[in-house]
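A short worksheet on the structure shown next.
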Amino acid sequence: MGFISYFSSFLPDIPWHFWGSVDSLLQGLVGACAVSVLYNLTRVHLYIMCLNDPDKQKEAAQLRAQSLLMDFLHVSLLTLIYSLLGPRVGALVVLEFSLRAVSMVLSVSKGAGSSQLFLLCQFSLGCGVSCSLDYLHEGAPHRTWNLLLAVGLSWLILWQSRRMCRHVGIMYQLHSRERYCGVCLSLLASWHDIPPFLRRALKVAFLVSDLAAVAVINRDFLSTSEAMRFWTPLTICYTLLVIYMQEEQQQNPSEQMVYQTVFVRMGGLLILMMTVGRWADILHIFISLTGEIWCLIHAGVMLRICREQDFADRISSPRKAPISRGSIYTRDGRTLQRETSLEE
């Protein structure tokens, strides 16, 4: 701390609102790095899966084609969006996705696939990380320095994941065949473990984000009655939205439905904020809509692969009907036992 104070003594006096803008930018950068790491790891898993399927070599070639400029644009745009997005709307986005994710996971037994969750949660994950940082560093004496440390660590993880993604796209086929590279051999043996690892990491991230989101929203209320006037319509609105979207996605799991779901969610949140929110929240909802659409466009190829994989899993795993013993009857002097299939 003495070194920081000594170093800060040489800096000119800067207004407090400037440091607030810097902190928002740093929080947005950490959130953008988290989204990019999730994107890179999911891309590695889907690329290896497509390589192992002779019918998906075209998709593997599309995943192999990477652009450094597009990745830089992706991180930069998300950083700008998260830095402009208010913590209140970001917290609402996190809570809405958490409720929707629980509904989707519970409906897996009814035939709905869940592999798209890693891509559908991208923007919500960034909102959760930014919201958590805003809550955890509230009132911290050295908030900017802590956020700089978080940016350094997140950028290091992003660089390593981007490096692995690039290496796998170029050398995985050769190294896995020649048994040459340790990274490629590890992925050859354990690439199936990437989704469970991401699932556990997302559970922890959204658990912390949900707690921070509730705290961020409640800090604006002066009394319990005021909080209840906000939470009651919010809970009803979110519950109805989740039920409606879940039914629509099961009946029509298409690319158009994914974008339609985003507009329905943001439209419902917009109406809610016009009723119990502030005018700044309405502007932040449009910013959130831009971020959601951008994340879906950037992951368009991967979403299509996941959607096809979910459809193939449902086709290849038909429900098995249990066998029960039916009535016993006699024909031609012999006693036969009839077996009947009971539909589930």
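Cβ atoms here come from the backbone N, Cα and C positions, even for glycine.
Because the structure is a prediction, the values reported are computed rather than measured.
Residues or ranges marked as transmembrane segment by Swiss-Prot on the basis of sequence analysis: 18-38, 75-95, 117-137, 139-159, 201-217, 228-244, 257-277, 282-302.
For the transmembrane segment (75-95), the neighbouring stretch richest in Cβ pairs under 8 Å, chosen from 18-38, 117-137, 228-244, 257-277, 282-302, is 18-38. Counting Cβ pairs under 8 Å to the transmembrane segment (257-277), the stretch among 18-38, 117-137, 139-159, 201-217, 228-244 with the most such contacts is 228-244. Sequence-remote contacts of a segment are chain residues at least 6 beyond its ends whose Cβ falls under 8 Å from one of its Cβ atoms, and for the transmembrane segment (201-217) they are 34, 38, 87-88, 90-92, 94-95, 97-98, 101, 117-118, 121, 124-125, 127-129, 131-132, 134-136, 230. Long-range contacts of the transmembrane segment (139-159) within its own chain (CB-CB distance under 8 A, at least 6 residues past either end) are made by residues 1, 4, 19, 22-23, 26-27, 29-30, 33-34, 36-37, 40, 75, 133. Within the chain carrying the transmembrane segment (18-38), a Cβ under 8 angstroms from the stretch's Cβ atoms is held by residues 71, 74-76, 78-85, 118, 121-123, 125-130, 133-134, 137, 143-144, 147-148, 150-151, 154-155, 157-158, 161-162, 198, 202, 205, 295, all 6 or more beyond its ends.
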